[in-house]
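Pulled from Swiss-Prot, these are the features on record:
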type	residues	note
MOD_RES	SER2	N-acetylserine
MOD_RES	SER23	phosphoserine
MOD_RES	TYR35	phosphotyrosine
BINDING	CYS47, HIS68, CYS175	Zn(2+) 1 binding site
BINDING	48-52, 200-205, ASP224, LYS229, ILE270, 293-295, 318-320, ARG370	NAD(+) binding site
BINDING	CYS98, CYS101, CYS104, CYS112	Zn(2+) 2 binding site
Amino acid sequence: MSTAGKVIKCKAAVLWEVMKPFSIEDVEVAPPKAYEVRIKMVTVGICGTDDHVVSGTMVTPLPVILGHEAAGIVESVGEGVTTVEPGDKVIPLALPQCGKCRICKTPERNYCLKNDVSNPRGTLQDGTSRFTCRGKPIHHFLGVSTFSQYTVVDENAVAKIDAASPMEKVCLIGCGFSTGYGSAVKVAKVTPGSTCAVFGLGGVGLSAVMGCKAAGAARIIAVDINKDKFAKAKELGATECINPQDYKKPIQEVLKEMTDGGVDFSFEVIGRLDTMMASLLCCHEACGTSVIVGVPPDSQNLSINPMLLLTGRTWKGAVYGGFKSKEDIPKLVADFMAKKFSLDALITHVLPFEKINEGFDLLRSGKSIRTILTF
């Protein structure tokens, strides 16, 4: 029986308050309006950005359905939708690509002005929600909200992918893999023979290691306080792994001594102000490029000496690995299908959706790289 045009009742993980577990609730998902798409979720990854909301370091309106790294199948479309149709395999896009704003029209930029990152509204682009629970509207997260059996997104925030692609793997291309990999190959533009340092060896950090290797870096130094992640980092391309807790001097000084004055490229993939500064300081003062990849704590500032940049360093940041989401995500899936890279090493756990809180416990304890939830 077709559900198109009807309200769908399903299960979703609702975050009612920060610092509290998710609650599996019965929610109502309204039909898509014009230029919107309703998706039946199949797989979803647990990303550190979701946990930033739970911990309160990333502020978004509550109550909310989180989740933004996923794959699913189009259930129905609203009036005017032309780029996907019911039955298509898709990846929801936490960073939209409207194709019309000044950023979308700039070839090397991807931070579409329709995003819900800078000043989160917690709604779709028309300013309203499609979720209801206990008679109350529930907020969206980054315009996608994939911790739900069904979700509604704007057409500019969904990409059709290869019908043969395994959704339990390519869902990672919806955030973690593309963010890390792109930070190396597209944002920093790592050069062959260069030296790189990657701070943080979660799913995104390890994807950055993969990007550095793909770009031809000669040395890739992985930095983390969890030594259990070193074997995986070396498997994916790290040439050396170091733990800051093993040294009495600041880690940036250790890295500078190891690399004749500093690395060519550094990546902060944690989201801490102290490691952002260490990442900047460890790159060479005359030619180093440092990329902020981790989401920083809300409303906190860094103070730096401008001389650190005057000598020739470049300090930059990017969302989504610099990729233009709607056009580049299908290309990355095609590359995966062509075996240009593997995602297997990033997936350490697979759990049923109902065990979402267990999945977040694995993340917080450092026992997982990526946990995939299946519906």
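Every residue gets a Cβ built from N, Cα and C, even glycine.
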**Asked** Looking only at DSSP and grouping its letters into three states, which state does VAL204 (NAD(+) binding site) belong to?
**Response** helix
**Message:** Please report the distance from the Cα of ASP51 (NAD(+) binding site) to the Cα of HIS68 (Zn(2+) 1 binding site), rounded to the nearest angstrom.
**Reply:** 12
**Complete:** Rounding to whole Å, the Cα atoms of GLY48 (NAD(+) binding site) and CYS101 (Zn(2+) 2 binding site) are apart by 29
**Request:** Specify the nearest of the recorded positions TYR35, CYS47, CYS98 to LEU201 (NAD(+) binding site), where nearness means the distance between Cα atoms.
**Result:** CYS47
**Request:** Could you say whether, by DSSP, LYS229 (NAD(+) binding site) belongs to a helix, a strand or a coil region?
**Result:** helix
**Item:** Neighbourhood of CYS112 (Zn(2+) 2 binding site), C-beta criterion under 8 angstroms, separation at least six
**Value:** LEU95, PRO96, GLN97, CYS98, CYS101, ILE103, CYS104, ASN156, SER325
**Prompt:** Looking only at Cβ atoms, how many others are within 10 Å of the one on VAL319 (NAD(+) binding site)?
**Reply:** 22
